[in-house]
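Novice: Below are the structure tokens for one structure; questions will follow.
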Amino acid sequence: MVAAAVAAAEQVVAALREECATPAARLDGVAAAMAGEMAAGLAEEGGSKIKMIVSYVDNLPNGTEEGLFYALDLGGTNFRVLRVQLAGKEKRVVKRESREVSIPPHLMSGNSSELFGFIASALAKFVADEGHNAVFNDRQRELGFTFSFPVRQTSIASGTLIKWTKAFSIDDAVGEDVVAELQMAMEKQGLDMRVSALINDTVGTLAAGSYYDEDIVVGVILGTGSNAAYLEKANAIPKLEGELPKSGNMVINTEWGNFSSSCLPITEYDEALDKESLNPGEQIFEKLISGMYLGEIVRRVLLKISLQSSIFGNLDQTKLKTRFILRTPDISVMHHDGTPDLRIVAEKLADNLKITDTSLETRKMVVEICDIVTRRSARLAAAGIVGILRKIGRGVPGDKRKSVIAIDGGLYEHYTEFRQCLETTLTELLGEEASKSVAVKLANDGSGLGAALIAAAHSQYLN
């Protein structure tokens with residue numbers, strides 16, 4: 001009986017292992033498909049599954065910026081206001097203050113002027129606290145605005161809202177320029193401040209990295225969601241209208257989460273997850289690699305095992321059938337369990353899923369499932385990065401330039417197995433020689449610091 005139950009469970013794991021396999025040849029295919037989709041998205045609007053949004057950021061901060069700059073980070077039920085004092089190459093960020101403010105629920109579905117009025121009044125209070133040290137000499141204060149909702153950007157400091165996501169539904173803001181709305185609200189507060197850049201958090205990650213390291217060419221977010229932005233040559237963007245920027249460069253926000261390709265290793269669990277999601281058929285790459293979904297994929301595998309095998313004993317499946325009850329931090333803790341009897345795995349299974357009295361053999365199987373799902377995610381993320389590097393001719397044999405990738409997000413920062421797998425996969429795909437010139441760096445707070453730095457790099461007072 002026991003042997004049959006174990007064999008049935010092992011069959012499920014063996015099938016998962018095979019379906020999630022990411023040999024180098026397959027990952028090379030993913031990288032090539034990513035580079036191809038990128039080129040198609042740059043050629044024309046709507047030319048690709050990935051949007052390849054022109055950010056209008058043509059200068060990245062390089063450490064020489066000076067002065068006091070502000071940032072507003074709006075992306076969820078809270079927003080953040082931030083103030084940074086920059087003192088050039090030698091001292092960099094000399095002071096940094098921030099404040100987080102909760103948005104009252106009624107404002108998230110009210111009207112536009114109420115929401116932006118509330119934000120502007122919080123900004124005005126924050127500015128009032130800056131003390132006597134701030135010398136503006138009749139200069140306007142400048143702000144970088146991180147707005148983490150879909151926008152059709154029309155210039156560095158203007159963009160119309162395409163639609164709200166998360167818990168927001170303010171109909172009269174859709175189709176309006178969010179910068180103009182904020183600017184108007186600030187004027188009503190008597191606040192003399194100019195929005196000098198509208199960005200998204202991934203562009204901010206690239207900027208925050210680039211401020212400390214001028215070799216950074218790609219910014220990636222690997223957290224609850226996933227995205228990448230990178231520095232492209234402006235003359236390689238056929239859809240870019242008007243004259244090319246003086247710098248010759250343009251930051252592109254890829255929106256790579258929506259990438260999909262026949263090269264991707266997709267299982268029955270991924271297909272079911274996608275079908276039951278709020279956006280079926282969309283964000284396929286993100287659903288394979290981001291922190292929002294890894295725990296949920298593992299839960300679905302465990303549920304199948306419980307249906308095909310009695311390995312978990314006499315189990316009430318209520319918890320195991322609850323979507324998203326297993327989060328990525330939970331699988332990370334199980335994956336990193338170093339106790340000889342995998343005690344932490346036993347505790348997690350009991351606490352989260354009411355799976356009790358597991359054998360050591362069963363717990364090892366659970367760790368293996370976490371490993372299979374996480375390795376696939378990390379290796380696919382690495383292949384995506386290699387696709388971007390190849391698109392811009394970096395990290396290829398003969399290229400001696402140093403290329404650094406700035407990565408932000410809890411999945412990369414806190415999930416050690418994920419991070420190590422991503423880094424070794426990069427080396428494997430780039431090859432020993434080329435990988436010597438490619439490095440990965442953690443870059444924190446693109447949405448706050450990054451926005452303030454882009455405001456500084458695009459200040460109206462620069463010569």
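For all residues, glycine too, the Cβ spot is worked out from N, Cα and C.
Heads up, here are the entries from Swiss-Prot:
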- G76, T77, N78, T224, G410: ADP binding site (BINDING)
- T165, K166, N200, D201, N227, E255, E286: D-glucose binding site (BINDING)
- 7-456: domain 'Hexokinase' (DOMAIN)
- 62-199: region 'Hexokinase small subdomain' (REGION)
- 200-445: region 'Hexokinase large subdomain' (REGION)
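I'd like to know what surrounds each of these features in this structure.
Specialist: Residues within less than 8 Å, Cβ to Cβ, of T77 (ADP binding site) and separated from it by at least 6 positions along the same chain comprise S102, I103, M108, K166, A167.
Annotation note: K166 (D-glucose binding site) sits in a coil segment as assigned by DSSP.
Residue counts for the region 'Hexokinase small subdomain' (62-199) under DSSP, split into helix (H, G, I), strand (E, B) and coil, are 39 helix, 53 strand, 46 coil.
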Novice: How many angstrom lie between the most widely spaced Cα atoms of the D-glucose binders T165, K166, N200, D201, N227, E255, E286?
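Specialist: Farthest Cα pair among residues binding D-glucose: 17 Å.
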Novice: At a 10 A cut-off on CB-CB distances, which of the binding-site residues N78, T165, N200 has the highest count?
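Specialist: For the binding-site residues N78, T165, N200, the Cβ with the most other Cβ atoms within 10 Å is N200.
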Novice: Taking T165 (D-glucose binding site) as the reference, which of G76, T224, G410 (the binding-site residues) have a CA within 10 A of its CA?
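Specialist: Cα filter at 10 Å returns G76.
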Novice: For N227 (D-glucose binding site), identify the closest of the binding-site residues G76, N78, G410, judging by Cα separation.
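Specialist: Nearest candidate: G410.
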Novice: Applying a 10 Å Cβ distance cut-off over all chains shown, what neighbour count does T224 (ADP binding site) have?
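Specialist: Neighbour count, Cβ to Cβ under the 10 Å cut-off: 15.
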